[in-house]
Amino acid sequence: MDTYHFLPSRDLEHASSYTPRPDSPETRHEPDPDRSKTNRRPIKIVSSVLLSTLILSFVIFLLVNPNVQQVVRKKVSKNSNGEDRNKASKSPEMLGPPSRGVSQGVSEKSFRQATAEPSYPWTNDMLSWQRTSFHFQPQENWMNDPNGPLFHMGWYHLFYQYNPDSAIWGNITWGHAISRDLINWLHLPFAMQPDQWYDINGVWTGSATVLPDGKIVMLYTGDTDDLVQVQNLAYPANLSDPLLLDWIKYPDNPVMFPPPGIGSTDFRDPTTAWIGRDGKWRITIGSKVNKTGISLMYKTTDFITYELLDNLLHAVPGTGMWECVDFYPVSVTGSNGLDTSVNGPGVKHVLKSSLDDDRHDYYALGTYDPINDKWTPDNPELDVGIGLRLDYGKYYASKTFYDQDKERRLLWGWIGETDSESADLLKGWASVQSIPRTVVFDKKTGTNILQWPVKEVESLRSRSYEIDDVELKPGSLVPLKISSAAQLDIVASFEVDEEAFKGTYEADASYNCTASEGAAGRGILGPFGILVLADDPLSELTPVYFYIAKGVDGNAKTYFCADQSRSSTASDVDKEVYGSDVPVLHGESLSMRLLVDHSIVESFAQGGRTVITSRVYPTRAIYSAARVFLFNNATGVSVTASVKAWQMASATLKPFPFDQL
């Protein structure tokens, strides 16, 4: 068994304003006051401190009372034998444990209802159809953030936030799965459970750091019995085990407490560490001061004792709480990914934050100063939280890691549900992970990254369909003869009639995807694109489309949008229009790629410059009734479209076959 010699048992140096209760168990290791003073560092940006949010005793009661946690669940997904698990209905009950809310550092789920009775009469067939076939998800229950992804001894490892008891948030445990190819997965036993005072209310989000000698360090946030967010250390019990089945929590956890000036519920989600020129490791942790989102900086040599730096890595006023911060380098000249510690000429750094206030992931490109441990955005107008988003749809708490096996940086993201919690309870599961994406610097624009599905997903492609140079006149609709449209990989390009475009002097210069009428709103130069998950009478449809706006100066701006407003006849689902503008360079065709997997549509424009993830819950356009159409709803321009589509096989997701070892 491997031992971690860099993890000696000793007192911790805590820069903390938090002190455990006097009646805490003897197993707790309280900070040494003298040592604590040594590392107390004032944060220069802090002029005033918000008091911690009041934690209601009623919430605590609900969380710990097992009787209350028994919530009606009527599961309709299939078991491993293909049998329907839904045998009988139960009368609606009041929901037990509430969703993780602002008091615990995370916003409520959208469309939360007071009872388990859905407002729409979902059938078993409808709910069963919603389960994806080639996206990662547990066999049942709730999942959220991806955690600590890494590659070890031939296996990709994914850990994730998981509730083993219900399809709603609670009792957060680290699920664990492995894969050879990032597509087909084997479920393993839980990696870590909430069983210590420092994580009894949840083993929250964390990151893995693979050291130069191959050792693995896992830092994660624990929610203590006092509902205080602290950082903890864990490591594999046996590094020679390719499955990494057993994890040891460091005996002297926590290794970091909320520092002075930081609220006890505003300190979470440590990043992967990177090593500086001084030989010390750095990590950053998201937080806030008033309405300013910040990224705290720490140094360590052994991952046990930490020095809080005077300066912040970065801060952006008005962005609120930063969580799930990610920080990594990208090459501006090469096509490979970079290890997190790489810096120097030809390198830019991506800083990404998940904003708790609006539940979106924002990123910016910039320069990292390793001497002063400061990051500066290339364009302050596109700073973190006010500029570019990783994904303009339902996508949150994303996490990258460096795949040393294939020299690429890979991105995971949590795709939550946008139906009601009561519907989630009926189907017995909630949330999936995105298809992993490669991340590279866009050398053509120099202003953004490119995200693209990993090549391994193409192994699921089967029967193909291709159509070239189809003219779409204004107002036209062309069905594509695809027999099964619930699992598709679609690549399409569009050419706008050049003469008509040049003859248009002004067209919807103030267009905005989210404030528009969606694909039904007709303009001179758009919308045009693809309808997926549509039925023949078009009573349900999900358009993904381009829309070109042109100002009086002749400059055009292209938008990429996904319209959910008519995606379902159900009333208790999200029906927003998502999207944003997408850079289109001179000579480029308009291009999109869509991954359709039942209730998920992941859409990529212009090679991944703009990405949108949609959750849709059709009631009619399901199974054999699902169709695909090309459309052009513009009033003043014809479009020529070419499409290639593949039906996608289902990925394998099953328990690891321990009985075959």
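Think of each number as a place in line: the chain as shown, counted from 1.
Including glycine, each Cβ sits where the backbone N, Cα and C put it.
Listed in Swiss-Prot for this protein:
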| type | residues | note |
| --- | --- | --- |
| ACT_SITE | ASP145 | active site |
| CARBOHYD | ASN171 | N-linked glycosylation site |
| CARBOHYD | ASN238 | N-linked glycosylation site |
| CARBOHYD | ASN290 | N-linked glycosylation site |
| CARBOHYD | ASN512 | N-linked glycosylation site |
| CARBOHYD | ASN633 | N-linked glycosylation site |
| REGION | 1-40 | region 'Disordered' |
| REGION | 75-117 | region 'Disordered' |
| TOPO_DOM | 66-661 | topological domain 'Lumenal' |
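Rounded to a whole number, the C-alpha distance linking ASN290 (N-linked glycosylation site) with the residue listed as 'active site' is 25 angstrom. Closest to ASN512 (N-linked glycosylation site) by Cα-Cα distance, out of the recorded positions ASP145, ASN171, ASN238, ASN633, is ASN633. Looking only at Cα atoms, ASN633 (N-linked glycosylation site) sits nearest to ASP145 among the recorded positions ASP145, ASN171, ASN238. Look at the glycosylation sites ASN171, ASN238 and count other Cβ atoms within 10 Å of each Cβ; ASN238 has the fewest. It is 25 Å from the Cα atom of ASN238 (N-linked glycosylation site) to that of ASP145 (active site). For ASN171 (N-linked glycosylation site) paired with the residue listed as 'active site', the C-alpha to C-alpha distance reads 14 Å. Over the topological domain 'Lumenal' (66-661), the average per-residue pLDDT in this prediction is 92. Proximity of ASP145 (active site) to non-local residues of its own chain (separation of 6 or more, Cβ distance below 8 Å) is seen for TYR160, GLN161, THR205, CYS324, TYR396, ALA397, LYS399, TRP414, given in sequence order. Under DSSP, ASN290 (N-linked glycosylation site) is assigned to coil, being neither helix nor strand in the three-state scheme. In the structure as shown, the Cβ atom of ASN633 (N-linked glycosylation site) sits within 10 Å of 22 other Cβ atoms.
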